[in-house]
Amino acid sequence: MINSQNTLYLQTKPYWDYLRIEKQASQHTLSNYQRQLLAVSDMLSQAGISTWQEVNSATVRWIIAQSNKQGLGAKSIALRLVALRQWFSYLIRQEKMSVNPAVGIKAPKASKRLPKNIDAEQIGQLLTSDSHEPSDLRDLAMMELMYSSGLRLSELQGLDLGDMDLAGREVRLLGKGNKERIVPIGSKALEALNRWLAVRNQFKPQDNAVFLNKRGGRLSHRSIQLVMQKWGEKQGLESHLHPHKLRHSFATHMLEASGDLRAVQELLGHSNLATTQIYTHLDFQHLAKIYDAAHPRAKRKKQDDD
């Protein structure tokens, strides 16, 4: 059990007042830093270190190694390192240290997880609905649009009526970094949107948001996440449904069908092609079968190669 009364952690008390009052740090930042420095203080105390001035770059590397051994993820270790850097910077400003031992030390890189996607059969199961309830028409339209056009959750949530050109079958999106892009709307999504917009006024709109809550206001990010989760459960989807999964499925299916990485990059609004390239690793068996069938020198012999 971590001891919050250890000498090292007690030395950090003025730092929290400094962050709260002078730096106006959020409670979220304070809680994160406090949790990290408490854990490090305990680790160092058990190693016989009683002052922060005893910590050098070798000690910081040891902290990272110990954190890794304890099963801490790469992102958590990176946060721990940031908390240490900021704490040592404070001690330098207070003239209690002359060198920041955490500067120049890198946290381990997080392994890139392949996005999970829903296969075409499951998409059909998910997006099949005979309900005429206004809220169901809204929910189906959201999911059809996200899968049809690869929207981010923030893009879907921020969508206004003026952003859509239904006659031209396209939608204008404001993505990360306020970058604007225009993407096409598929026929199924267009049908679902028209059905929803026909009943949208029943929600007594308070603004121009495309997707409204029952009070007529814009649906929140969290509400959209909950709507999709419940819809997935209702439709019998085995895995947990969240907005990113629909975007990932759009990207995967588009890439499998077209093989055009640049086009998928444009549709997703990725500024860096490397971000899109993660989808090239998806469904390797599917791609390998295409390669075996198409490449003239890909015919594999049953016997072992020498």
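Each Cβ is built from the backbone N, Cα and C atoms, and glycine gets one as well.
Annotated domain 'Core-binding (CB)' per Swiss-Prot: 6-92, in sequence order.
According to Swiss-Prot, the domain 'Tyr recombinase' annotation covers 113-292, on the basis of sequence analysis.
In the three-state DSSP scheme, R152 (active site) is classed as coil. Annotation comment: Swiss-Prot describes R152 (among others) as active site, evidence class sequence analysis.
The feature active site is assigned by Swiss-Prot to K176 (among others), with sequence analysis given as support. Annotation note: K176 (active site) sits in a helical segment as assigned by DSSP.
Counting Cβ atoms from all protein chains shown, H244 (active site) has 15 others lying within 10 Å of its own Cβ. Summarising the annotation, Swiss-Prot assigns active site to H244 (among others).
According to DSSP, R247 (active site) is assigned to a helical segment. In the structure as shown, the Cβ atom of R247 (active site) sits within 10 Å of 22 other Cβ atoms. Summarising the annotation, Swiss-Prot assigns active site to R247 (among others).
The annotation active site is assigned in Swiss-Prot to H270 (among others) on the grounds of sequence analysis.
Sequence annotations record features per position, and here Swiss-Prot assigns active site, O-(3'-phospho-DNA)-tyrosine intermediate to Y279.
According to DSSP, the domain 'Core-binding (CB)' (6-92) comprises 69 helix, 0 strand, 18 coil. Taking CA atoms as the reference points, R247 (active site) and R152 (active site) are 7 Å apart. Fewest other C-beta atoms within 10 angstroms, among the active-site residues R152, K176, are seen around K176. Reported as a whole number, the C-alpha separation between K176 (active site) and R152 (active site) equals 9 Å.
On the 0 to 100 pLDDT scale, the domain 'Core-binding (CB)' (6-92) averages 94 in this prediction. For the pair H244 (active site) and R152 (active site), the C-alpha distance works out to 7 angstrom.
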